[in-house]
Each structure stands twice: as structure tokens, then as C-alpha cells.
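To keep things clear, I will list the structure first and then write my remarks on it.
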Amino acid sequence: MENRWQVMIVWQVDRMRIRAWKSLVKHHMYISGKARGWFYRHHYESPHPRISSEVHIPLGDAKLVITTYWGLHTGERDWHLGQGVSIEWRKKRYSTQVDPDLADQLIHLYYFDCFSESAIRKAILGYRVSPRCEYQAGHNKVGSLQYLALTALITPKKTKPPLPSVKKLTEDRWNKPQKTKGHRGSRTMNGH
């Protein structure tokens, strides 16, 4: 019988970032209690030899599964040492892969306190509102002018340690374009 291949999107991530993300997840599961209901599966509990860990995040009757891998083929850079992350949304027998932005938005719908658009109406009507969002990674759009004005009144409280963001876990910090700060150069080289 022929081998059957299944292709998955795996985000290449360096091992220190995966390690930091795992410790943030464990902290908020076991110490702060903000990730109540999440399930962490260790590498020795998985039958697959390349799976380093799995985090199962319940989202109503569905769940988000963030799987970290080790021992993968290395990328084109030296620091891509065979570590990776896949993000999957599962409901009963159906599963699909999602990108880090959508994963953060899904997490934000079910977990962590937020100062949402509905708070604008409550504030105008004179009700007390809590203008803080604990999970900023779940917002990927600019809010309305009223929303921005109300959030400008009270600065968001920084949580220590930060909440685990899937987007932050998978972001490519190695291949970002370099920014030059105030580089003047010689007058002959830049045309002056």
C-alpha cells in the first residue's frame, strides 16, 4: 500500500519562544486561574514522536488545539532548528487549521475580561464600566472614535506575566525589515 500524506501548516518558531509560551500557558492555568478549563498535554502523553506538547482550549462546544512540534526539518536559516506550531479548530469530527490572528480572536471571545464596544453605550447611559481589556492580542482592528476616546481616558493595566498570545508565539521576529534610526549618511551619497 502506498503512503498517504497529509499536509499541515506548521509555523516555524524558535524553541525559546515556544518555551516561554508554554510557561505562560501553565502560569495562567495553574496560578492565576485566567485560563481555567484549558488542558495541557505533555509530550510523553502523545503517541506521535514529533509532538512536543498540545494545549486544548475549549470554545463552547468546539475547541482550539495548539500543537508544538520538535525534530522537524530545519528551515533555510540556522536558527530554524526544527521547532514549529500548528493551530487547529475542532468541533466533533470536523477540524480545520486557523491562522494566529483568528486563534487570538476566538480565545478572546470566550476568555479574559474586555472593555468592548457595548461599554460605550453603557458609559453614555451613565453606568459604570470597566475600561480595560486583559487580552489586547484579541483585537486586530481599530475601534470607533468613541471607543478610542474612552480607552484613552484610562490606560490599560499591564498583566504580569502577559497572557499567552498565539499571534505573538508565531510571529517572525527574525525576518523583519531593518529600521534605520536617524541615519544621515554623507551628503554626496544621498544627493544633497
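Quick reminder: no glycine exception, Cβ is built from N, Cα and C everywhere.
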Give the range, chosen from 2-5, 14-17, 46-49, 50-53, that Swiss-Prot lists as region 'Interaction with host APOBEC3F'.
14-17
Using a Cβ cut-off under 8 Å, which residues of the same chain at least 6 positions beyond either end of the region 'Interaction with host APOBEC3F and APOBEC3G' (54-72) come close to it?
10, 13, 15, 18, 21-22, 25, 35, 37-41, 43, 46, 82-91, 98, 103, 106-107, 109-111, 166, 169
Averaged over the region 'Interaction with host APOBEC3F and APOBEC3G' (54-72), the pLDDT of the predicted model comes to 87
Taking helix as H, G and I and strand as E and B in DSSP, count the residues of the region 'Interaction with host APOBEC3F and APOBEC3G' (54-72) in helix, strand and coil.
0 helix, 14 strand, 5 coil
